[in-house]
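S.K.: Submitted below is the structure of interest, expressed as structure tokens.
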Amino acid sequence: MPDPLPDLSSLRLAYTRAELRRADLDPDPLRQFQGWLGEALQAGLREPYALSLATADASGRPSVRTVLLRGADERGLTFYTNYESHKGHDLAQNPQAELLFFWADLERQVRAYGPVERVSEEESTAYFHARPRESQIAAHASDPQSAPIANRGALEAKLAALQAQYPEGTPVPRPDFWGGYRVRVREWEFWQGRPSRLHDRFRYTWEGEGWRIERLMP
């Protein structure tokens with residue numbers, strides 16, 4: 001039996017690492033995000049480009065999972081996945097999403113919300129072939145993603161068959177069901193933990209010609 005959990009209501013940390021002032025913010029939220037992500041990478045955080053991706057289906061039922069950020073530029077934030085996955089079905093029905101980056105060691109988090117679109121076939125193919133060969137084959141093996149499977153052995157047998165189909169030196173084609181999505185961010189929030197839970201929060205909202213920046217109550 002596992003050890004009993006401690007009283008979770010008594011567990012807390014004091015956030016004292018830094019503050020975030022309006023004067024500290026870049027007028028462009030993308031540059032602000034790139035700066036914070038760069039600091040997280042320099043600090044040696046484990047996979048600071050990992051994010052929680054929240055989607056909802058047509059009925060409004062939400063779901064969330066962790067994916068990896070694979071691009072951040074003026075077009076938006078990009079990730080790759082199986083289009084037939086749960087998230088892929090959600091985004092086909094309801095093409096909007098919210099992303100959350102949480103960097104505990106820096107006492108920071110970033111939220112980003114916006115409509116979602118698929119990246120071009122060419123962009124998906126270029127990224128697919130930049131991945132390790134084992135990951136390319138695994139993309140084929142894990143289809144249909146999120147579907148029930150009898151056991152681990154069935155998955156490994158499928159992988160072995162694909163490895164035989166695509167021996168070393170043979171190009172692995174990008175499957176039609178796999179590719180990228182880009183979130184065209186229309187709202188950002190930057191959060192810096194502060195003492196006594198009086199955190200610093202700033203929201204950027206796109207207003208058609210520029211970004212409006214507001215401090216939010218903690």
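Glycine is treated like the rest: Cβ placed from N, Cα and C.
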S.K.: Out of Gln34, Gln42, Gln109, which one does Swiss-Prot list together with Arg65, Thr66, Val67, Leu68, Leu69, Arg70, Tyr80, Thr81, Lys87, Gln145, Ser146, Trp191, Arg201 for FMN?
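M.R.: Matched candidate out of Gln34, Gln42, Gln109, per Swiss-Prot for FMN with Arg65, Thr66, Val67, Leu68, Leu69, Arg70, Tyr80, Thr81, Lys87, Gln145, Ser146, Trp191, Arg201: Gln109.
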S.K.: Name the one residue among Ala14, Arg131, Arg197, His199 whose Cα is closest in three-dimensional space to that of Arg65 (FMN binding site); these are the binding-site residues.
M.R.: Arg131
S.K.: Let's check the environment of Arg197 (substrate binding site): how many other CB atoms sit within 10 Å of its CB?
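M.R.: I get 10 for this one.
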S.K.: Given the binding-site residues Ala14, Val67, Leu69, and counting only Cβ atoms in the protein chains shown, which has the most within 10 Å of its Cβ?
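M.R.: The residue with the densest Cβ neighbourhood is Leu69.
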S.K.: Which Cβ among the binding-site residues (Arg12, Arg131) has the fewest C-beta neighbours inside 10 Å?
M.R.: Arg12
S.K.: Determine, to the nearest whole angstrom, how far the Cα atom of Tyr80 (FMN binding site) is from the Cα atom of Arg70 (substrate binding site).
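M.R.: The separation of the Cα atoms works out to 7 Å.
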